[in-house]
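Encoded as structure tokens, the structure appears first; notes follow it.
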Amino acid sequence: MANQGGPSRKSLSFSGHSFQGRKKASENEGGGGGGSDLLPRRSLTSSRSSISLSGERSGERTVKRLRLCKALTVPDSTTLFEACRRMAARRVDALLLTDSNALLCGILTDRDIATKVIAKQLNLEETPVSKVMTKNPVFVLSDTIAVEALQKMVQGKFRHLPVVENGEVIALLDIAKCLYDAIARMERSVEKGKAIAAAVEGVEKNWGTSIAGPNTFMETLRERIFKPSLSTIIPENTKVLKVGLDETVLGVTMKMVEYQSSAAMVMVENKLVGILTSKDILMRVISQNLPQETTTVEKVMTPNPESATVDMAIVEALHIMHNGKFLHLPVLDKDGDVVAVIDVIHITHAAVTTAGSTAGINNETANSMMQKFWDSAMALSPNEDGDETRSEEESMKLSSEREVTKSFSYPNTFAFKLQDKKGRMHRFMCETQSLTTLITAILQRMGDDIEPDNLPQIMYEDEDNDKVVLASDNDLGAAVEHAKSIGWKV
């Protein structure tokens, strides 16, 4: 029921029928099987499922809702030997350090161990971690907006980001896991394109309107950022660290410092036969207490590693890395020579930069494009197993954002948040010139929660408390203007 005692708030609502062009539908939507009671907030409601659009920043996906890794934390007085032992036991490549007050003061990674410890021949059992750690690392609070944290990692080119809550480190954010999740969602979104296009085509026939393509934002990002080949992000004259089978681990780590690399390609007669990474050195050399001065690369390398070619799509390369659970991927030219080694964070940063330059846009716009990628990808529903029973009484709420957030604004767009019946928030910007575009955006985010062949109505509550059906582009424009006039900002 409507909130009898609270302030009057305007609302948009869904009804679980096919789209029709009837106006003033309130008298037909009251307590039957097709409608739902008004909520005490502006919202779009559906008899099948429901979507709630609140303007609260707290409704956005926060860092705490990302796939976080349990942080391994030790005092900064811990010896390097003990720190490495714990990292190897937990099979992690990053360790967080705290000071005497139990506050975060540093981070140590497998690359630090290879280039700052082994290469410099420090005594592991006598040297405290504080001597080589990266001091005062960037961190985020658990309630930080997720897209802001991810952008910070991409722009700063670092893979790990400590997460702090109430002054204590609670987790570690790994850009690789977040990127893989986002790409998986993006690809599922693109795969749904044909079904969505068919649904939109049906809507267009009913309305006599047309649109160039069905909410192609995710597909456009995929084409511009991840679909291009690896050759577009590999700089000319890239230096690749290449070593022989009989070189020592100590010698390789010294070369890693010189090349500013965390991976060495092991070659025999100009053919790739293995790879040795800083994580291999941690897990296979230090944890096994092998002597770095005499242990050869051949004994501890990963033989016959997976590789990519320069004409392989960026997204395909990322899939290879994800499926193989490794962080470095050699890139070969047509002659089989290694011309580059890519990793997750650099491939992401390079892809965004390249997308911006090829499209003739500046860095700020390129960054905003990547932020929209994170934002939209996280708004897409992940694949979830399990059967669900949907009744005609279940509903979703959808309402326009009331407050201005730090998201990017675009001409002729309106900010929406969707909350499905599982409580997940789906935040997106949508053009307001075409009702078809809005329907497509909703379908793309809600997936199976809305049946394409039984599309709901979209309606809003006007100043007379009547529900007005949106049946044309002009109706949508009028609804947006009405929203703006009563203070819903975009």
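The backbone N, Cα and C atoms fix where each Cβ goes, and this holds for glycine too.
So that you can see what the record holds, here are the features copied from TrEMBL:
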- 1-18: compositional bias 'Polar residues' (COMPBIAS)
- 37-56: compositional bias 'Low complexity' (COMPBIAS)
- 388-402: compositional bias 'Basic and acidic residues' (COMPBIAS)
- 63-126: domain 'CBS' (DOMAIN)
- 133-190: domain 'CBS' (DOMAIN)
- 301-358: domain 'CBS' (DOMAIN)
- 1-58: region 'Disordered' (REGION)
- 380-402: region 'Disordered' (REGION)
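Remark: secondary structure over the domain 'CBS' (133-190) totals 27 helix, 18 strand, 13 coil, with classes taken from DSSP. Mapped onto DSSP classes, the domain 'CBS' (301-358) shows 26 helix, 16 strand, 16 coil. As a summary of secondary structure, the domain 'CBS' (63-126) carries 23 helix, 16 strand, 25 coil according to DSSP.
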